[in-house]
Amino acid sequence: MGNFVGSWRHLQDSEREETDSEPHARPMDGQSAQWKNAVGFWILGLCNNFSYVVMLSAAHDILKQEQASGNQSHVEPGPTPMPHNSSSRFDCNSISTAAVLLADILPTLVIKLLAPLGLHLLPYSPRVLVSAVCSAGSFILVASSHSVGLSLCGVVLASISSGLGEVTFLSLTAFYPSAVISWWSSGTGGAGLLGSLSYLGLTQAGLSPQHTLLSMLGIPVLLLASYFLLLTSPEPQDPGGEDEAETDARQPLIGTETPESKPDSSWDLSFQERWTVFKGLLRYIIPLVLVYFAEYFINQGLFELLFFRNTSLSHAQQYRWYQMLYQAGVFVSRSSLHCCRIRFTWVLALLQCLNLAFLLADVCLSFLPSIYLIFIIILYEGFLGGAAYVNTFHNISLETSDKHREFAMEAACISDTLGISMSGVLALPLHDFLCHLP
């Protein structure tokens, strides 16, 4: 399938015909192809984000385990060492979980910044293979690591896998009906829910974090199977599908549709055209940056500090529950596009920033009496984040011409990553400041 896409953009018509004869490119009825592509993009979204989510869910365990092993190597056998800074009401790790977030997002940021400049020169299939190998490597490296540094190297591999995969698969949606964006987004939400839930469930059942990570090595294999065996060959078609009336009613970000406009001309754009398209995207990029900044400041800056001692859950278990509930909210909202569409995504940015302010106030003042109230707020936080993501890319898909759609989708990928990176940088000093409070 990936070879077909590469040939569609770079080879002559005779080469395309040869590719069409491959088994996975056989013609099939429209309904069957539609469902195969829908399921294929859902699985791709699931597998692409799975390692990224698991590393964030395991962040507290990664840091706590390394700290515990370090303590045990310097003390005589005896009772289990107390957590670092246990006198603080926050029960902090010596390193903030934001450190894992930065290792999990900065390589993605670099990939997404460079993608519009030259990533399109690489065919899709090699990109997918690299993404799968990095995903598998991340599970193996973190599971076998005995130091924080080596663990963070494994997290970096997960980031490379997720970032390269997201840029690749979102660009690929330009060659399919716009409905696949909803399926992709739902799959990424499913990765959040299934990734965090599987990590929570397996560790709660008594499996060690190391064996839990190794049990997930089938995910990269599933990604490759979905891409090479499930997706059908893309064919020129109306990307709007059932949204044609809605598309016609809107003003495109740039230019107008012409019969000659085709996705394979996307990378023939001049610098001026790309800049004009990018400026048109800012009304969607800026709100999505703010949404992700606020929610990941909460997730990796405040989750560890929202610690309740009056519950049967340990600190590590509380952190895992927070991650799972957040991802559950994301999954539901990323799967809601068919029943709820939001044009003005800046409203979601405002609500998420209010969420951040409220939870930051609770960290400082501790006025919420029960962890179950935090559970509800975190679920709501996930709803806002997932809705912002799916509606942003859906609106961009509708409001760009065929010629500009592939570039627009790839350029807009920077939004969530930029917001997450900013939150990680600011969460580190906040963690150090609050953890030194009595």
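Heads up, residue numbers simply count up from 1 along the chain you see.
Backbone N, Cα and C atoms are what each Cβ position is placed from, and that goes for glycine too.
Because TrEMBL annotations are produced automatically, they should be read as predictions rather than curated entries.
Taken from TrEMBL, the feature region 'Disordered' applies to 1-31 (among others).
According to TrEMBL, the feature region 'Disordered' maps to 67-87 (among others).
Under the heading transmembrane segment, TrEMBL lists 39-59 (among others).
With a threshold of 8 Å between CB atoms, the same-chain residues lying at least 6 positions outside the transmembrane segment (150-175) that come near it are 5, 8, 41, 44-45, 48-49, 51-52, 54-55, 62, 66, 99-100, 103-112, 115, 119-120, 124, 127-128, 130-132, 134-135, 137-143, 181, 184, 220, 223, 234, 239, 263, 266, 393, 397, 402, 405-406, 409-410, 413, 417. If you look up TrEMBL, you'll see 150-175 (among others) marked as transmembrane segment.
Taken from TrEMBL, the feature transmembrane segment covers 181-200 (among others). Same-chain residues lying 6 or more positions outside the transmembrane segment (181-200) and placing a CB less than 8 Å from one of its CB atoms are 37-39, 41-54, 57-58, 169-170, 173, 212, 216, 320-321, 323-324, 326-328, 330-335, 337-338, 382, 386, 389-390, 393-394, 397.
Marked as transmembrane segment by TrEMBL: 212-230 (among others). Using a Cβ-Cβ cut-off under 8 Å and counting only residues 6 or more beyond its ends in the same chain, the transmembrane segment (212-230) has close neighbours at 1-2, 24, 36, 39-40, 43-44, 46-48, 50-51, 54, 58, 125, 128-129, 131-133, 135-136, 139-140, 142-143, 161, 165, 198-199, 202-203.
The transmembrane segment annotation in TrEMBL covers 284-308 (among others).
The transmembrane segment annotation in TrEMBL covers 344-361 (among others).
Distant neighbours of the transmembrane segment (367-390): 181-182, 185-186, 188-189, 192, 287-288, 291-292, 295, 298, 306, 308, 311, 313, 318, 321-322, 325-334, 336-337, 340, 342, 345, 348-349, 351-352, 355, 358-359, 361, 416; these residues of the same chain sit at least 6 beyond its ends, with a Cβ under 8 Å from one of its Cβ atoms. Sequence annotations record features per position, and here TrEMBL assigns transmembrane segment to 367-390 (among others).
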**OP:** Could you pull out which residues elsewhere in the chain have a CB under 8 Å from any CB of the transmembrane segment (284-308), counting only those six or more residues past its ends?
**Re:** 56, 59-60, 89-93, 96-98, 100-101, 315, 318-319, 322-323, 326, 345-346, 348-349, 352-353, 355-356, 359-360, 362-363, 370-371, 374, 378, 381-382, 384-385, 388-389, 392, 395-396, 412, 414-420, 422-424, 426-427, 430-431, 434-435
Original post:
Looking only at residues six or more beyond either end of the transmembrane segment (344-361), which have a C-beta under 8 A from one in the stretch?
Top reply: 284, 286-288, 290-291, 294-295, 297-298, 302, 306, 367, 374, 377, 380-381, 384-385, 387-388, 391-392, 395
